[in-house]
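The block underneath contains the structure these notes are about, expressed in structure tokens.
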């Protein structure tokens with residue numbers, strides 16, 4: 001819905017950064033709510049009786065608070081969010097289907113006929129402002145102002161294109177290795193280093209344990225991690241998107257992402273006084289890649305949609321793929337971590353996640369990259385054609401017909 005609510009393409013990087021931004025705020029506030037409100041009868045005996053409801057159910061209070069917050073969000077969405085589907089908005093004609101966005105230029109804008117080699121708009125991060133139409137469209141316009149398309153309805157158009165499918169696979173791979181990292185991070189931080197004989201003892205990958213940090217230290221590290229993520233979302237992402245453009249930035253963070261996983265296990269080899277600086281360095285590197293790639297995938301997925309009405313199905317497919325990865329990643333990461341502890345290499349799970357990230361970097365080159373031409377209107381009558389020279393852009397033919405008796 002964020003992509004559909006944003007009307008100005010240049011605002012998209014900042015708009016898409018909002019969701020992961022508030023997610024990071026939630027990762028800071030959520031543990032705080034659970035930690036402060038759990039077992040209220042023990043922590044706040046003056047306000048909660050040990051024999052009362054909250055004494056019998058020590059985790060009821062934080063769950064009630066979370067339920068109230070969810071109810072508030074549901075009411076806010078119902079009251080203040082507008083319908084984004086073009087066919088279900090108030091006043092929409094059920095017989096008219098939208099195949100292009102409302103902000104698409106209906107006449108050539110300045111610079112439309114410029115040579116493609118110097119058309120700076122091709123590297124912008126717009127989405128439907130420059131739409132590639134795969135077919136010719138003809139519309140019959142009656143004198144009363146009504147119109148109907150002669151071409152096939154957009155509901156019969158295929159929405160699962162190659163670009164949509166490859167971007168969905170990219171999202172599934174990213175979700176998998178990202179969940180592995182998040183699942184293993186606190187375990188590796190708290191796991192004690194163990195001196196044991198290993199088959200890998202003579203190898204540089206011999207890392208028999210974790211960092212041995214306390215629970216309180218891990219909590220502080222996770223809070224700082226949330227602050228780093230907020231900075232990446234609010235400051236770094238909009239600047240990087242404007243500097244490199246969406247596609248080039250997506251290539252950079254996808255290719256470099258495996259580095260964030262391969263360096264984490266070697267924190268256990270650092271001297272004690274360098275452990276925390278090394279941890280924060282690794283968290284910064286990982287947030288730089290992970291926080292940037294998620295909104296980039298959102299923008300590219302919207303850009304790949306054949307029409308606005310297809311976004312619901314595309315987003316549903318992406319959500320299902322992400323949910324499947326989230327369900328498989330934690331047990332797979334735990335299995336690799338347990339196996340690595342037996343052979344004396346605690347970084348095996350991280351390297352496994354890094355291997356999946358490498359697959360994602362290779363899969364990147366299977367995503368089609370199309371040039372999005374500006375859409376122009378061309379009349380079928382030669383006398384009504386524009387004086388502009390013809391350009392290799394898609395056209396929409398408008399056929400004017402009269403209904404009723406001729407005079």
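Cβ from N, Cα, C; glycine included.
Feature transmembrane segment, per TrEMBL, maps to range 209-232 of the set 209-232, 377-400. Checking the ranges 131-148, 311-328 against TrEMBL, the transmembrane segment annotation falls on 311-328. Residues 1, 30, 33-34, 37-40, 53 of the same chain lie 6 or more positions beyond the ends of the transmembrane segment (59-81) yet place their CB under 8 Å from a CB of it. The largest share of C-beta pairs under 8 angstroms with the transmembrane segment (164-189) comes from 348-367, of the ranges 209-232, 244-268, 274-299, 311-328, 348-367. For the transmembrane segment (209-232), the partner stretch with the highest count of Cβ pairs under 8 angstroms, out of 21-39, 274-299, 311-328, 348-367, is 274-299.
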